[in-house]
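Straight from TrEMBL, the features:
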type	residues	note
TRANSMEM	32-54	transmembrane segment
TRANSMEM	66-85	transmembrane segment
TRANSMEM	134-152	transmembrane segment
TRANSMEM	158-178	transmembrane segment
TRANSMEM	190-212	transmembrane segment
TRANSMEM	232-250	transmembrane segment
TRANSMEM	271-293	transmembrane segment
TRANSMEM	299-320	transmembrane segment
TRANSMEM	327-347	transmembrane segment
């Protein structure tokens, strides 16, 4: 699951069963790549859409930290109908029993509280920092995730993966340093420090969250179906949404939302629709993130997320009339190159697995012929 090995394992049984199982395993292999491609599309499209709409929200008069935190998790109800199409697995073994209900509840509560705090820190950072500084600090999550993946997920680093991390970090950094932003002098020193620490803390927390998710898939949940991906998105999002509602009322921002909606430049209807589609986009992005963690690894999920950073300026050219210059183009090329390097490493791993599988089949066939 973490590196596609499960999709290439040989079927148990005699020699005939192994040989006859090859087409099935090949079909599973292609299905695995198809699922990864779909999750990548979900992540990049959801992240880009949510970011662009979030920019629209702030540009047109939005100013609530808690509502911007709320919409990052409040779209989970749209995923609930999908649970009807993906039934829970019933196959269990004594060596790998399913987690208890108490364990799952504690897991959902833990991840939900992490999401609440992480999303709030990102909201503070976006409000108190220039866009360039905020983007630069967000790019550090790839480095944090590399460290946490090594510590908690036994991530192995090859030259291609290191090259990928380097190129993607340079791409995001180049874009962040070049991007237009507000004058930092307009921000008080105290707020600037708060925004800096919150964004850096959010990047580290989010990277730790991704590594813990992968660890949960491998050590706690131990189930290989899309339903567990949905459940691990829906239930923690419910906890995070409840936490945001408490924050909305405790901070007093709830009383200001009606005024904020009426003062929104495009009108109250546009205000509601903007927040609604931000919530939907973040859920699509989250499914992509969890799916990639489930199928590949948390580091790969973060690599694709970093690839999406230069995609936003390109879309901003189309939808917001931003200028597309050479620096943005180079940033996009570096991001594609870096992600391609990581994907190529997985391609090489798959080739090695296929060769190992063929070797095992030939050895099994030879042993069977000698026995005869």
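Count begins at 1; order follows the chain as displayed.
Note: Cβ is positioned from N, Cα and C throughout, glycine not excepted.
Note: TrEMBL annotation is automatic and uncurated.
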Per the 3+ Cβ pairs under 8 Å rule, pairs at least 6 apart in sequence, do the transmembrane segment (66-85) and the transmembrane segment (271-293) touch?
yes
Out of 32-54, 190-212, 327-347, which stretch has the largest tally of CB pairs under 8 angstroms to the transmembrane segment (271-293)?
32-54
